[in-house]
Amino acid sequence: MVMLLRARCFQRLAIPDPMRVLYKDYRTATPQNFSNYESMKQDFKIEIPEYFNFAKDVLDQWTNMEKAGKRLSNPAFWWIDGNGEELRWSFEELGLLSRKFANILTEACSLQRGDRVMVILPKIPEWWLANVACLRTGTVLIPGTTQLTQKDILYRLQSSKAKCIITDDTLAPAVDAVAAKCENLHSKLIVSQHSREGWGNLKEMMKYASDSHTCVDTKHDEMMAIYFTSGTTGPPKMIGHTHSSFGLGLSVNGRFWLDLIASDVMWNTSDTGWAKSAWSSVFSPWTQGACVFAHYLPRFESTSILQTLSKFPITVFCSAPTAYRMLVQNDMSSYKFNSLKHCVSAGEPINPEVMEQWRKKTGLDIYEGYGQTETVLICGNFKGMKIKPGSMGKPSPAFDVKILDENGATLPPGQEGDIALQVLPERPFGLFTHYVDNPSKTASTLRGSFYITGDRGYMDEDGYFWFVARSDDIILSSGYRIGPFEVESALIEHPSIAESAVVSSPDPIRGEVVKAFIVLNPDYKSHDQEQLKKEIQEHVKKTTAPYKYPRKVEFIEELPKTVSGKVKRNELRKKEWVTT
């Protein structure tokens, strides 16, 4: 097996408080300030202990602090649904319930340390319990989005060799349809009010399970979770994360980008199948002792999101750019966000126009962050720093970020190249270990002493990084290199456009030209489309460099997206090049 890097191990730290694995001076009430960014980055260091388990070394320590009266009385977990149901857990209650769940995994399901558990659940409390139970037992969590089809589930079960699956009534039939083809699968748990043949009913089992359980003493570099990529350029690949790469690594997100303290209430709207849920719905807030807030909505409803932000004491809000684009289309004048103090976005670049609309309507900036399923936060806009709209910000304390050419040489400010992370001589702790069962893919990401992210960008004179495109999204037209994001940002400023995606399209003269696939706002669907195309093209010429305007425009009802919500530009691009 090709490993991306070999971690440098430290001896187990002889410290009285495991919290100090994460940082020297534990904060309960003092937010960060990045006005002195260079000093903050230079002083940051986390020593990785030989053994680390997030459930034992973080969550259980918060329980101890609760019992000692050293933590505020706000819940550790706060869940609501759309029907008026509400649930709150302290860290002590979270610990008790997760120990019961852990006993179900080890006793009823006969799972052992290192066995793999696929969890496909919506935003219900059992999803969080499953996460912590896997940590306690040393089993490997494999999250999946509830949008997976029967074919998707079969592929993931077979590829991962999962021995157990946990899901609900909606997807249980799909699992049953493929289970016979999955030779490693021997346990099925369902979250349901009803029994189902061949399945253990988790709700019933939780009633009788013991709450006495000894957490497995995991080494920091043991596999903790496997995440499937979105699969925008081929079949999904398995990304391996360890107890330190996420369990310790995501402390960077919580401490610096999210700027969380123990009194905060953090709401992240990401789907449970995304690594972003691990980022902002599990590790980052709980590292800081903050409350994880969750709202179970069967589908995204912008008015429900705004009502929740207004009604509940949410202080930190995280959502995808698409969500912000939908939210700002609402009349928000009747909503009051008295508790909200910090808003962040990640997953794809967010358009400056959307950031400005959000600021005008809420009085709050959106702090964009950049990372991958393979990493924790790579770059971010941090509190106290000047925000440059459209920029990914500056490197997080976890990484040394460079822009490289194809030979591995570092490029000067202003020149576009590959976004890369230095991995030698010392491995950064917030980075995945390898693509599981895919050594050639793992090896392909290395260029000298750097991990190549697969994204293109540049750094400006002030040290801010700017995203251009995925490497395979770059458009080469008449000698010009054009990234889709800048064109899409110009397009979204036109009032007729709800969403857009820009790809290359073949042209006999220029080789390639920019083509825009556009989803119109409802009020513009009856307009003359030829006239509207011309208006949009002229708008882009005036908004960005004229050579970047879309010479081809096609109006469509919806954009193709992955199960994690990212636009599948490769599908649109393939359509152009195969059919032309």
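Each residue, glycine too, has its Cβ placed from N, Cα and C.
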Residue from LYS151, LYS188, LYS219 to which Swiss-Prot assigns N6-acetyllysine:
LYS151
Which candidate, of LYS100, LYS161, LYS181, LYS341, Swiss-Prot gives the annotation N6-succinyllysine:
LYS100
Check the candidates LYS45, LYS67, LYS163 against Swiss-Prot and report the one noted as N6-succinyllysine.
LYS67
Helix, strand or coil for PRO235 (ATP binding site)? Use DSSP.
coil
Applying a 10 Å Cβ distance cut-off over all chains shown, what neighbour count does ASP455 (ATP binding site) have?
19
Protein Cβ atoms within 10 Å of LYS100 (N6-succinyllysine), excluding its own:
20
Quick check on the binding-site residues PRO235, GLY371: which one has the highest count of other Cβ atoms within 10 Å of its Cβ?
GLY371
I need the nearest neighbour of LYS151 (N6-acetyllysine) among the binding-site residues THR229, PRO235, GLU368, GLY371, using C-alpha distances.
PRO235
Close in space, distant in sequence - GLU368 (ATP binding site), Cβ under 8 Å, 6 or more apart:
VAL344, SER345, ALA346, PRO349, ILE350, MET355, GLY380, ASN381, SER391, MET392, GLY393
How many neighbouring Cβ atoms, not counting its own, are there within 10 Å of the Cβ of LYS151 (N6-acetyllysine)?
10
Compute the C-alpha separation of PRO235 (ATP binding site) from LYS100 (N6-succinyllysine), stating it in Å without decimals.
36
